[in-house]
Structure formats: C-alpha cells, structure tokens
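According to TrEMBL, the protein carries these features:
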- 60-263: domain 'TLC' (DOMAIN)
- 25-51: transmembrane segment (TRANSMEM)
- 72-91: transmembrane segment (TRANSMEM)
- 111-128: transmembrane segment (TRANSMEM)
- 135-154: transmembrane segment (TRANSMEM)
- 160-181: transmembrane segment (TRANSMEM)
- 193-216: transmembrane segment (TRANSMEM)
- 228-252: transmembrane segment (TRANSMEM)
Amino acid sequence: MESLLFTPGFISVFDNASPSKEFRWLASVFCGIFMCKIVYDITATVSLLCFKGYGNLSNAKKVEWNNRGFSTFHAIVVAFASLYLLLLSDLFKEDYDELIINRTSAVSETIFGISIGYFFTDLAMIIWQYPALGGLEYILHHVLSMFSIILALISGQAQIYILMVLFSECTTPFVNLRWYLDVAGQKNSTLYIFNGIALFLGWLIARVILFIYLFIHTAIHFDQVKQVFPLGFYCLLTVSPVLFAMNAFWFWKIAKGLIKTLSKARHTQ
C-alpha cells in the first residue's frame, strides 16, 4: 500500500486540485446532499396531495417512497449530463492531442461532486434503515461508486469511464417506477408490463452492453490507461468488473421477473 501512496504516479493524483477547484468540489457535494433533502421533501408533499394511498403507507414505506424520489431525480440529472459530456460535447473527441484519460471539465467535476453527495446521502439512509432500503449488495455498490468517483474527481483522470458508469443510472427511474406501481397495487396494469420491458431493454443496453463497451475501450486505450496513477489504475481494473458482475446478476433477476409478468398477463387474457 505504501508504494501506492508514495510513488510519483500517486502523488500526481493531487495535480488536479487547486483552492478554487476544491471549493467547487465541496460546494457540489453539499449541493448533492441538499438536492436529496429538497427532492425528498417535495416527493412527500406532492405524493400526499396527488396519491391517495400515500397517507395509508407505513412510515418505513413512506421513507422508501421519498428516497426513491430523489434517487430518480439524481439518475435523470447524471444520465443526461453524462450523455452530453460523452457524445455531444468535444471533451472526449479522439482527434485531440491530450490523452483521453486526462481530460476533465468543470461540468464533469460538478456532476461528480453532486453524485458523491447523492451516494453519501443514500448510503447513510440505507445504513440507517438497514435492511429496509437494501442489503449488503447496495452498500457495496454505493461504496465502490463513491470511491471511484472521488479518485476520478481529485486526480482528473479516467473520467470518461466514470461517466459511462454514471450514465447507467438511467435505468433507475424504471426500477423505481416498478416499485411504485407494486406498492400502489398496479402489478397487473399495462403500465407495469411496459415498464418491465423498458427496464429489461434499458438494463441490457446501459448496464450490460455499455460495460462490455467500457472494457473494449479500456483495452484499446490500454497504453493510456497504464498512465493512470497506481491506485486509480487498479481500481479501474477491479471495480468495473465487480459492478458488471452485480449488474449481470440483477439483469438475470429482471429477466426472470419479466418472463413471469408476461406469462401471468398471457394467462389472464
């Protein structure tokens, strides 16, 4: 571990830091935490006014209901931001002289800070309500995600791969909608079936195929990837496969659930 901390490669992890950047990073983290609090309260207020069954939910269900509100909001924000940075902006164009693993921007760093704030808040709630909001696999997922984002933020390296992973959050609204419909007693509705199909396809594209593309991209640019500071390099080679394995396992469960739902709908007809 000492070699990771004191090699010249690791020391360069702090080259991306400056007083102004550090202030912006902290501000964006607190914005992420504040965002979660605001959306949590808005979700509770709007749900109480618009959904008759909300008032009859248990306190534990209300907490999870509101928690899923800010997780959905975060997912939408980071998915659109990641899509913009990866495809629409010029940040990661191949024809630039700067190494693709060293490219960063104020927008990407702000999004990372907001995501750190979100994952910290959600992790705190998961631990506080354990195991109502998720088991150990959710804790592992959030810890690995936060750790990877923090390394990319302070080093300014490998941000393209963090953005790919953050884009996979676009499946979260479908996961949450399925839960909402289940709690509302709408498991037999057409919307539940269509949402299940959208979740299956979205998960396949964003959390399976996209991760395979990430591995291919890493292999093609491995000469650059090797220049990432040691801890970041080993994190990239280990955390991504772990997250992919978790995504593949959840995809298997989603596929089984979809088959069961479609089979039930067919028999109902």
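Cβ coordinates are placed from backbone N, Cα and C, and glycine is handled just like the others.
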Stretch contact, the transmembrane segment (111-128) with the transmembrane segment (193-216), Cβ-Cβ under 8 Å, 3+ pairs: no
Maximum Cβ pairs under 8 Å to the transmembrane segment (72-91) - stretch from the list 160-181, 193-216, 228-252: 160-181
Two-stretch contact, the transmembrane segment (160-181) and the transmembrane segment (228-252), at least three Cβ pairs under 8 Å: yes
Mean of the pLDDT scores, which run from 0 to 100, over the domain 'TLC' (60-263): 95
Range from 25-51, 193-216, 228-252 with most C-beta pairs under 8 A to the transmembrane segment (135-154): 228-252
